[in-house]
């Protein structure tokens, strides 16, 4: 009799017997051992809140200054080389991006360097992520530029302007003042939201909404860069239909095309395609900047052919200045949109990298950190910043371990500001625009969402399309507001169409965080502990190579440049296979911290009425995340609608996942008991394998 038949017979012999009293509410409360909550007086609450103990003070310091927690634990020999290489690589990429994104923000290029220095230093002290790269970001810069151009258009009449040069300088000074005001208000909003513990606001920006918004933003960025790429002089537009006006203006002036400028830009665009082998992005950008600057300076392209270049980069840091708060009533809508979008991009990338490396980030503290970076940075003439997806991938992928890598990158920018800025004054703007356009590839790839949502959910397709169209033609600020309203209307429609009194909507971060908190089992901590156990074991046995062995692999989805969708491998399984129990060998257990022996988590789905694609992906991530540490996740009480949603979104691409569904919680409990009994029986009967490696994992 084989194992499968034995399993079927054992499962078939189990019977479901129920014998219990009728549970009235008092009896049920007594059985659950729930106690009446004793309300405390206001005086007791205030006394408890203002009571100071060493532990409480230490926790407060750790909360608001995370650097005090990770810096003393810094492993110099293990981390320093990776942080140095990562910092240099990130700095090479941050220089051209800072200059290019300043053009999007409609301010002189040097202010992009300021925005690449001050906020990075601030985030190192107050941020909870050790891997993301803070600084100028294309979408946020474009939103800042939209406000600046709207309040200070190109054709504004500057009182006392003597000539065109003075008029341009005065106009730029006014736009810097607007950018500072928007940045200050954005920082205040983010800081207040963080203090009030509103870090959950980002979950209401659903995936179709964010992806449609960022795709529309990519089109805005692309059209804004066209005039720099082609070297034509056009007016900068903002507001409703600005993308149409910008495109038409460039096409009308294409007859005045600057051939030299276009040639330099196209050379950079095609440079990567001509390479015999792929090279790192930061090397490509660095070489493009050097080549473009050298060609422009060597052939005097600006003087001889009127090629637009970066221009004067004044050396030194500017003294602090007070932003103009009288502009707040004109920019508060834009500031709210920038604050929410900036935080959403930052927390999504921060959580992805944190899960990959086995630590946690605090959404509320991230809001506080961004608020301090923006509000304090605005005093030093910076514009609003966020997490750059491309630089974050470089900072993490090149071996960065802590935010000291970001600090090193910012010091490279400081070197340019203080000493070497004049070397990049001949850099053609076409090169910068080409770098930006190349980096938009990941965001344009999001158009592939359309056939996916067409197959899986017409409602989510509607959210994506309406967000894209409204953001494209109404502008990014009003487009985002319109998109949120439409998304809320679809939630109301789906809830009411179910004709139920109580509806449940799957919430990504809230559910996942609550699950870890209620169960007391955090897979990220377990995986981090296993890595540490393997390193300690390898150090004890003297096998240096074993220290780098993979005990538990965390498959984190990482976005493309400035986008939100990962580029999946062709052979990648979209949803995780069914879990196989996996534990560390006996000789490694003594290195593991003590913990609960949890083998199964049962989710009660009786109150879940429907699931969208985001919910299905969240559930798949939970199943895989716990499965990586040998914990099964069972679903009990799924309705026919939920099963249909799971099937339509390809959750059961691996048919074995159907075994995770049970009719009721009791059925799931019995199923887990049967599984554990069979596993224990099989482990007892299986002969020992002497040649097995310590980190081997049974195949599913």
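Placement of Cβ uses the backbone N, Cα and C atoms for every residue, glycine included.
Given the structure is predicted, the values throughout are model-derived calculations rather than measurements.
Positions annotated as compositional bias 'Low complexity' by TrEMBL: 680-689.
TrEMBL lists 584-672 with the feature domain 'STAS'.
The region 'Disordered' feature in TrEMBL is assigned to 677-700.
The feature transmembrane segment is assigned by TrEMBL to 99-121 (among others).
As annotated by TrEMBL, transmembrane segment applies to 133-152 (among others).
Positions annotated as transmembrane segment by TrEMBL: 178-203 (among others). Sequence-distant contacts of the transmembrane segment (178-203) (same chain, at least 6 residues past either end, Cβ-Cβ under 8 Å): 105-107, 111, 144, 147-148, 151-152, 321, 323-325, 327-328, 331-332, 334-336, 338-340, 342-344, 347-348, 362-379, 381-384, 507-510.
If you look up TrEMBL, you'll see 209-230 (among others) marked as transmembrane segment.
Among the features that TrEMBL reports, transmembrane segment is placed at 327-347 (among others). Remote same-chain partners of the transmembrane segment (327-347), defined as residues 6 or more beyond its termini with a Cβ less than 8 Å from a stretch Cβ, comprise 129, 132, 134, 137, 139-140, 143-144, 146-147, 151, 177-178, 181-182, 185-186, 189-190, 193, 199, 201-202, 205, 210, 213, 361, 363, 366-367, 370, 374, 384-387, 389, 476-478, 480-481, 564.
According to TrEMBL, the transmembrane segment annotation covers 402-424 (among others). Distant neighbours of the transmembrane segment (402-424): 67, 70-71, 74, 79, 82-84, 86-88, 90-92, 94-95, 98-99, 110, 113-114, 116-117, 120-121, 123-124, 127, 129-130, 133-134, 289, 293, 310, 313-317, 395; these residues of the same chain sit at least 6 beyond its ends, with a Cβ under 8 Å from one of its Cβ atoms.
Under the heading transmembrane segment, TrEMBL lists 430-454 (among others).
Within the chain carrying the transmembrane segment (461-493), a Cβ under 8 angstroms from the stretch's Cβ atoms is held by residues 139, 142-143, 146, 204-206, 208-209, 211-213, 215-217, 219-220, 238-244, 333-334, 337, 340-341, 449-450, 453-454, 505, all 6 or more beyond its ends. The transmembrane segment annotation in TrEMBL covers 461-493 (among others).
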Intrachain residues whose Cβ lies under 8 Å of the transmembrane segment (133-152), provided they are six or more past its termini: 90, 94, 97-98, 101-102, 104-107, 112, 115-116, 119-120, 123, 127, 171, 174-175, 178-179, 182-183, 214, 217, 220-221, 224, 236-239, 242, 327, 330-331, 334, 337-338, 341-342, 345-346, 373, 383-389, 391-392, 394-395, 406, 409, 436, 439-440, 475-477, 562
Residues in the domain 'STAS' (584-672) grouped by DSSP into helix, strand and remaining coil: 45 helix, 12 strand, 32 coil
Integer mean pLDDT for the domain 'STAS' (584-672): 82
